[in-house]
Amino acid sequence: MLYLRLAYSNIKKNHAVYVPFCLATIFTVILNMVMQIMSNNQGLDTLKGASSLKVMFGLGGKIIMIFTIIFTFYTHSFLMKRRKKELGLYNILGMDKKNLTVMMLIENLMTLFITLTVGLLSGAVLSKLMFLVLKRLTGFGDGFVYEFSVASLGQVSLLFLGIFMGTFLYDTWEVRKTKPIELLGQASSGEKEPKSKWLFTLIGIVCLSAGYGISLTIDSPVKALTQFFIAVILVIIGTYSIFIAGSVTLLKLLKKNKQFYYRPNNFISISSMIFRMKQNGAGLATISILCTMALVTISSTVCLYIGQEKIIQSRNPFENSVEVALPMDETKQTINDVVKNQGSAIEEVKYAKLSSPLITLKENDDSFTQLKEAFSNYSNIVGIRFISLSEYNRIEREKLTLANNEVYVYPVSGEYKEKRITISNQVFEVKDTLKQFIFAPKEEDAVLGSLILVIPDKVASTTFFEGIAENFKESVFPFTPTPVSIVSFKLAGSMTKRMEIAEALQERFQAIAAVSGNEELERSLTVTSIDKDREEMRLLYGGFFFLGIIFGISFLMATTLIIYYKQVSEGSDDRERFIIMQKVGLSHKEVKKTIQQQILLVFFLPIIVAVIHLSFAFPIIRKLMTLFELNNSYLLIVTTIICVLIFSLAYFVIYWRTSKVYYQLVER
C-alpha cells in the first residue's frame, strides 16, 4: 500500500512532465488503434481495387508502430532525467534499489493503465470518425462498413505492454548501475563544455552537401526512387552532425571574437549554449528532422489528392479506349457488338493504326539499339512507335510529305533536337519534330522516354516491321511486327453502366486472344476506361492522403512534446544561472531579453533548417511525383508553400504556448 501511495504521490508531484507524456502516449494509442482497425477491416477484401489500399494500411500501421516505440522511449528519457534527483533522495533516505524498482514498476503500471484505458476507449470512438473520413476521401460505397476489431485492440494492448515493459527495464538498469550521489547530481548536471569538433562539423557539411547534391542533380524519376533514401540518410547524418558539432564549432568561433562575445547578452547566451550544446543539438536536430518529415509527407500527399483529376485526364486522353493487335474492322465490330449487347451506344469514335511499342536503349543522342538487360539504365530506355504518314495526316488533318529516307519525330516527353535517327541498322533523316498527336498527349516529364515516328507509307510495310523484329530478337522486350488497332470512343449512360461495358470489353477481347492461342495478341491487349481509372485513383490517392494526415499528425505531436520537454529542461537548467546573473547586477529586463534571444535561436532554428531541407528536396520530390504521373510542378510548388505556411503557424503556436512554461521556470 505504501508503494501505491508513493507512486501516486510521485506522479501527482511530477504532473508537469507526466501529463504531457500520458497525453502523447494516449494519442499514439489512438493512432495505432485507427491504423489497426482500418487494415483489419474485412470490407476491404470485398471491394475491387482495395487490395493495394490494404497493403498500404498494413505498411502504414507498421511505420506507426516503429514510430511509437522510438518516440515513447525518447520522450520517456526526458521524464526519467527530471526524476533522477528525486530517486536519489529516496535512496539516501533509506529506500534501497529493490524498493525503488517496485515503486517504479507501480508507477509504470499506473501510467500504462491510464494511457491504455483512455487511449483504447478514445481510439474506438475516433476510429469511427476516421473511418468516415477515409470513406469520404476514397469514395467507397456501401460495401465498406465500420467494423470494430477485437484483434486490433489486442495487438495495440500487447504493443504498449511491451513498450512500457521496455521502459521499466531501462529505468531499473539506470537506477541499479548508478550510485545514489550520482542520481542526485545527474538531473541537474550539464555537459562539460565541449571542444570544437572540426571533423564532425566537416562530416556534417559533406553529408548535407552530398544529400542536397543528389536531389539537385537527379535527372530520372526512377533514379529519384532509388536515390531518395540515400539522400534522406545523408541529410539526417548531416543535420545531427551540424547541430551537435557544427553549432559548437560556430559558437566557439563567436567566443573567440572578443568584441562580440564580451557584451552582457551575447556573453550569457553563448556561454549557456556552449555549456549544454551537445544535448541541445541532438534535440534540435530531432525536431528539425520531424518537421521536415511532416512537411514532405503532408505537402506531397495533399498535392497528389488535389491533382488526381489532372493525373486521370493525362492518363486517359479519351474516355474509353481499346488497343489490340487485331485488324481495325474486327476491333470496331467487336466493340460495337459488346456495347449493343449491354444496351448502350457509342457517341464518338476515333481510331488509329500504329506499330507495337519498340523498347530500345539509347546509345547516343540519335542512336537506338536493343535492350539486353532489363532496366539496366532507366534514363536511356526509350519506347518508340511507328505510324504511317497517311495515317497521321488522316488523324491530324494535315498534308505533310516525306521522302523515302525521312521521318517526322514526335517526342511525347522532352525534346528531340537531332538531325537524324538510327534504329539498329536503319538510318532516317529527321525532317521536323511534331508538336502534337491526339493519341499521345505531351508529357512534361515521364518515367521513361517515348517517341513516335511518322514514316513514309512505302517504308511502313510488313517487311520493314519484320526487319525491326529480327534486329531486336535478342532484346529483353522483343518487338511484335503485327500493328495494333487503337479505337477510342465515348459511351452513353451512367458511370456504373460505362464501367460494366469496360469490364465486358476486357472479357470479350481476352476470350478472343485465348481462343486464338496467340500470346502476342494477349500481350497487346489494353482496355482503358476513365471512369474505372478515376475510381481506382481516388481509392489510391485518397488512401495516400489519409496516411499523410495520420503521419503528419504523428510528426507534429512528436515535435510538440519534444519542444515542451526541451522548454521544461532548459527552463529548469537555466533558472539557477539567471538567478546568479541577477545577483551580480543584471536587471530583470536584461535577463528577460537574454532569455528571449536564446529561446528564439534554439526553437526557431529547427523549422528554418526544415524549410531549407524541403527547398533542396523539392527537385527529387517533383521527380517522385512523376512516378505517380503528377507532372504539375506549379501545383506542387503552391501546395508546398501553403503547407509550409500552415505548419510554421502551428509551430509558432506550439512555441508560444510552451515558452510560457520556460519563462515561469526561469523567473520563478
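Glycine is treated like the rest: Cβ placed from N, Cα and C.
TrEMBL annotations: computationally assigned, not manually curated.
Keep in mind that what you see is a predicted model, and the values were worked out from it rather than measured.
These features come from TrEMBL:
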TRANSMEM  16-35  transmembrane segment
TRANSMEM  55-79  transmembrane segment
DOMAIN    63-180  domain 'ABC3 transporter permease C-terminal'
TRANSMEM  100-124  transmembrane segment
TRANSMEM  144-170  transmembrane segment
TRANSMEM  198-216  transmembrane segment
TRANSMEM  228-254  transmembrane segment
TRANSMEM  282-307  transmembrane segment
TRANSMEM  539-565  transmembrane segment
TRANSMEM  599-621  transmembrane segment
TRANSMEM  633-654  transmembrane segment
Checklist outcome for this item: Comparing 55-79, 198-216, 282-307, 539-565 for Cβ pairs under 8 Å with the transmembrane segment (228-254), the winner is 198-216
Next on the checklist: Within this structure, do the transmembrane segment (599-621) and the transmembrane segment (55-79) have 3 or more Cβ pairs under 8 angstroms, counting pairs 6 or more apart in sequence?
Outcome noted: no
Item to check | Stretch contact, the transmembrane segment (599-621) with the transmembrane segment (100-124), Cβ-Cβ under 8 Å, 3+ pairs | outcome: no
Next on the checklist: Give me the DSSP three-state residue breakdown of the domain 'ABC3 transporter permease C-terminal' (63-180), ordered helix, strand, coil.
Outcome noted: 101 helix, 0 strand, 17 coil
Item to check | Per Cβ pairs under 8 Å, the stretch of 16-35, 100-124, 282-307 packing most closely against the transmembrane segment (539-565) | outcome: 282-307
